[in-house]
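Below is one structure, written out as structure tokens; comments come after it.
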Amino acid sequence: VSSSGLFLLTGIPGQEDIHLWISIPFCLMYGNSVILFSIKTDPSLHEPMYIFLSMLAVTDLGLSISTMPTILGVYLFKYREISLDACFAQLFFIHSFQFAESSILLLMAFDRFVAIRDPLRYSSTLTLPRTSMMGLVFILRGVAVVFPFPFLLKRFRYCRDNVLSHSYCLHQEVMRLACSDITVNNIYGLSVTLLTVGLDSLFIFFSYVMILKTVLSIASPVECLRALNTCVSHLCAVLLFYTPEIGLTVIHRFGKNSPPLLQVLLGYISLLIPPLMNPIVVSSSPGSGDTRNEKHGAMHSDICCILDPLPLRTLPLFHLFSLYPTPCYSSLPEASPPLQAAIQGQAMMRAA
């Protein structure tokens, strides 16, 4: 173990004089609690898409709770010390929530795919029990793959400089401070990242390829743009999460000569930007369904109501962007008689 039994956390280099001001935005990361409260208290939001949103909010809150104590300790109180065991516990929770968030973004992409490709079977495909089970399995996957991290790190001796470059602990950074052979940790950490974050991002890509294929086969150019617009916010959330996460993983393992400030900034972006932005992203686009009934009647609006989170529009926080705006099905041409009958039948079931 380290001779002092402690690691020293670090803020942003060269910005010590404004650490107090930097800490203020970190206190704004709990907007996800508004989402959880709204979904819990409104029975109309107890649907699969909102279950995924609540899971995303829980992971973001978990990341905030895991990182805020040490971040605020460094920036507000200049308290930099953290024990080895506390550091190992913190990195366990941080990486568990990160891998869980990656999985939930994949589930959201699958939700978009089902909603756009086969909206009439959306409710029967993504039932509440099935949605909850998928979320639980993916969350447990994240915990299971991260569980060995603290034990792999605890067996090392840390006889080098015990100063970390962030105000929180990460596995890839702590293992570099060991004076032992870290080959096992390096291989295992990289393998876990590729098999979780890497595969999740690959499946998200395939989901959007299928979505694009579906949209191009059923819609005109204008309607295609409308459908793709329903996925813009989710794509932004995906890019905000995966880009710095993958970049940070590569830099920690292969970018030994990269600027230290780049590592620090990527670390903060990967952990702090998604919890800050997701409460804004998880909102409804204004006017997405205002004209659907005027032009195409209630029959087509029944398809759209599967995807349109109207109840969330009553919240003042949710007026900028949307993960789930209304797709282009509201502007489809008149449906064939069999499709009309199916839509009308589903409308009668919803009214009952």
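Cβ coordinates are placed from backbone N, Cα and C, and glycine is handled just like the others.
Given the structure is predicted, the values throughout are model-derived calculations rather than measurements.
TrEMBL has this to say about the protein:
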type: TRANSMEM; residues: 20-39; note: transmembrane segment
type: DOMAIN; residues: 31-282; note: domain 'G-protein coupled receptors family 1 profile'
type: TRANSMEM; residues: 51-76; note: transmembrane segment
type: TRANSMEM; residues: 88-110; note: transmembrane segment
type: TRANSMEM; residues: 131-153; note: transmembrane segment
type: TRANSMEM; residues: 187-212; note: transmembrane segment
type: TRANSMEM; residues: 224-242; note: transmembrane segment
type: TRANSMEM; residues: 262-282; note: transmembrane segment
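Below 8 A, the CB atoms of the transmembrane segment (224-242) and the transmembrane segment (88-110) form 3+ pairs separated by six or more positions in the chain. Across the domain 'G-protein coupled receptors family 1 profile' (31-282), the model assigns an average pLDDT of 85. The highest tally of CB pairs under 8 A with the transmembrane segment (51-76), across 88-110, 131-153, 187-212, 262-282, is held by 88-110. Remote same-chain partners of the transmembrane segment (187-212), defined as residues 6 or more beyond its termini with a Cβ less than 8 Å from a stretch Cβ, comprise 98-99, 102-103, 105-106, 109-110, 112-113, 116-117, 141-142, 145-146, 148-149, 152, 171-172, 175, 227-228, 231, 235, 238, 242, 245-246, 249, 253.
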